[in-house]
């Protein structure tokens, strides 16, 4: 790290100016290849950034991971820094070594909006086939989810595991974002690579509000994954008593068979107890 890096990171613009006049290298890099502009962007020091850009700093220089100053400003939630970089021609669709764009890291609606207005591809996929919509949904950034949907984000896209944005919402329990996705036509029965629907994921991870939301939207409460384990099996297998009760109230069947392996043996007593409490299926004595 050079003296210019330090001055930029601490927003000492006068010192930065002196260093530049003395011939400091604008594109000097730290051990992880951060330039002075990236250091200023990480802290959101727009005055220091303006000084560096005016002196000729490359706005699209990349660090060790292939990220630019725009990625850094987006990741550290500095809207003014993002807008400044875009104003000076930063590439909003640049991809890092994992094929992510700056939009993948947007954690604030105004940052996402600025990137979209600059032409960011809302359906760009990273090296795991994940989109910005999936990232926003998984983090519960509902305002960003709604913005991306308005900008044409595809709710049907699947990542390398077969998960849609709705699966990611259900894993983390972000009900408001899930409602926005469902309202936009997200496929509520979309199966992942193991035939798990969003409802199965919600039940598996104990997200009761999501289960209620999906059932009310018409999701099949008796859906099963590729080994035949149903929503009820997944909830029981995780020892989620209140989830099991909710599923039973929603019409889950207790007479469905399941694939038995080591992890499922643990929930057999719970299944037997459910049968005793809930009663046998019709026609069985």
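Even glycines carry a Cβ here, placed using N, Cα and C.
Curation does not apply to TrEMBL; its annotations are automatic.
Per TrEMBL, the features are as follows:
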type: REPEAT; residues: 1-31; note: repeat 'ANK'
type: REPEAT; residues: 32-64; note: repeat 'ANK'
type: REPEAT; residues: 65-97; note: repeat 'ANK'
type: REPEAT; residues: 128-160; note: repeat 'ANK'
type: REPEAT; residues: 161-193; note: repeat 'ANK'
type: REPEAT; residues: 194-226; note: repeat 'ANK'
type: REPEAT; residues: 227-259; note: repeat 'ANK'
Tally of DSSP helical, extended and coil residues in the repeat 'ANK' (194-226): 16 helix, 1 strand, 16 coil
Long-range environment of the repeat 'ANK' (65-97) - Cβ separation under 8 angstroms, sequence gap at least 6: 32, 35, 37-38, 40-46, 49-50, 53, 59, 103, 105-108, 110-111, 114-115, 118-121, 124, 126
Number of helical, extended and coil residues in the repeat 'ANK' (128-160), per DSSP: 16 helix, 0 strand, 17 coil
Whole-number mean of pLDDT values that fall within the repeat 'ANK' (128-160): 98
